[in-house]
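Swiss-Prot annotations:
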- Arg64, Tyr206, Lys212, Arg332: substrate binding site (BINDING)
- Lys212, His231, 247-255, Glu296, Arg332, 448-449, Thr454: ATP binding site (BINDING)
- Lys212, His231, Asp268: Mn(2+) binding site (BINDING)
Amino acid sequence: MSVKGITPQELAAYGIHNVSEIVYNPSYDLLFEEETKPTLEGYERGTLTTTGAIAVDTGIFTGRSPKDKYIVRDAITQDTVWWADQGKGKNDNKPLSQEIWSHLKGLVTEQLSGKRLFVVDTFCGANADTRLQVRFITEVAWQAHFVKNMFIRPSDEELARFEPDFIVMNGAKCTNPQWKEQGLNSENFVAFNLTERMQLIGGTWYGGEMKKGMFSMMNYLLPLKGIASMHCSANVGEKGDVAIFFGLSGTGKTTLSTDPKRKLIGDDEHGWDDDGVFNFEGGCYAKTIKLSEEAEPDIYHAIKRDALLENVVVLADGTVDFNDGSKTENTRVSYPIYHIDNIVKPVSKAGHATKVIFLTADAFGVLPPVSRLTANQTQYHFLSGFTAKLAGTERGVTEPTPTFSACFGAAFLSLHPTQYAEVLVKRMQAVGAQAYLVNTGWNGTGKRISIKDTRAIIDAILNGEIDKAETFTLPIFDLAVPMALPGVNPDILDPRDTYADKAQWQEKAEDLAKRFATNFDKYTDTPAGAALVSAGPKI
């Protein structure tokens, strides 16, 4: 079957003219040739490493640039988007006028016109009924490689029928000189137009802007159809039982969802519709800082030919120093999901989730290692999206720093957070799913809860043992905590027992409870949010 390809006339419809050549859906072998051409300069050039993977640099942008994110405010988005300039909550959805959008689009199309372009057609979403058909247009070979890794790769038959319903034009080489007069944050921009169904990128080379841009769009489109859109990992057991894991960076989401007894559905972005849980992506985007074969063998072995390393330090002999964070701590690798052996095949989807796990790394030492949540507590803790880090100082004094990120992914939410919470709980109630809050952080001993105990807790959740356990109610937070679980040290289940002086727990718990309440205040501007206050801690 012949693949349809794309004509210069189609690109002209987007405003891109006089293209010298279109490289359509290039193979991995062709991309390898293209990104290692000796004539390439600067951030376009890829370096072959001894792993077989290509390494690239993304310049000053080694992460997303949330302050440069904009959405066109028009008739479609006016009353639906969670705007940065409305309500109590702070977010990155800054409004953009149609006039400035047209100016930015002109900059990007001018940058791409007259060039040799890579066009990659992909799917975002493993479920054919709700997926986005996304067309990426770029002049940089490795950016085409990145989206081929990260999104779902259509078959030749699917490409023959491909009709894009979202266009991403990456003009990383262009910037906006008029940003000051236009009242924008900087010369760089990541802008979205939901009426035109288009994303524009200018000034930043970071690959993750394309990945997370489409996640933000799925986060807009799906919940409005009653489909949950989630920043989580997901896996499935031998009996078809599905678990989803929410958690911010450093809480153990990737580690705990990688389980030899269960198959991985995906590691980062999922939807939940009438058929079940499905991955948005066709690849993984893993952190590589301090990566070792012993600690994370799956990721380590996935770094081979066709993988793409970002911002790692490559030595003169082509070896990668994963311990060197001199460019950024956010070193990454993207690879197609089939580089991991233990995955759901051929399509990254499964049935309905019965276990929903919220991971938190509580550095305050207050929360229990595990608790069962009621429906209202599920919404409350989902909206809170709490974790905390220990910030060290010279004298070894460690003050915990709390982080609250709505729905465990505030940066990517396009609608008000309560809409995601409502859709998630509806999906859970329809199938009788249960949520659990799992603390992978610290307790009164000053030590982190052991990975052995945490894995035993996850096992008890997945095999149902936790639902048979007797529970007690932890005061202030009103959480149902099991009194004993197989394979878990019984001395840690009640966090108060880990303190030599229980009054210390009380003091810390009251402090943390106040922080929860202060954070949650921003949701009380909607009736749905105000109704959940009683599910939070009592001060």
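Cβ from N, Cα, C; glycine included.
Within 10 Å of Asp268 (Mn(2+) binding site), judged by CA to CA distance, lie the following binding-site residues from the set Thr251, Lys253, Thr255: Lys253. Secondary structure at Gly247 (ATP binding site), taken from DSSP and collapsed to helix, strand or coil, is strand. The binding-site residues listed here (Arg64, Tyr206, Lys212, Arg332) include no residue with a Cα within 10 A of the Cα of Ser249 (ATP binding site). Taking only the Cα positions, the spacing between Gly247 (ATP binding site) and Arg64 (substrate binding site) is 19 angstrom. The Cβ of Tyr206 (substrate binding site) has 24 other Cβ atoms within 10 Å, all protein chains considered. Candidate binding-site residues: Ser249, Thr251, Thr255. Fewest other C-beta atoms within 10 angstroms, Ser249.
For Ile449 (ATP binding site), the nearest neighbour among the listed binding-site residues (Arg64, Tyr206, His231), judged by C-alpha distance, is His231. The Cβ centroid of Lys212, His231, Asp268 marks the Mn(2+) site; residues of that chain outside this set whose Cβ lies within 8 Å of it are Lys211, Phe215, Glu269, Gly409, Phe412, given in sequence order. For the pair formed by Thr255 (ATP binding site) and His231 (Mn(2+) binding site), distance between Cα atoms is given as 15 Å, rounded to the nearest Å. Of all the binding-site residues listed here (Arg64, His231), it is Arg64 whose C-beta has the fewest other C-beta atoms within 10 angstroms.
Closest to Thr251 (ATP binding site) by Cα-Cα distance, out of the binding-site residues Arg64, Tyr206, His231, Arg332, is His231. The binding-site residues in question are Asp268, Ile449, and the one with the fewest Cβ neighbours inside 10 Å is Asp268. When the Cα positions of Arg64, Tyr206, Lys212, Arg332 are compared pair by pair, the longest gap among these substrate-binding residues is 14 Å.
Straight-line distance linking the Cα atoms of Lys212 (substrate binding site) and Lys253 (ATP binding site), rounded to a whole number, equals 18 Å.
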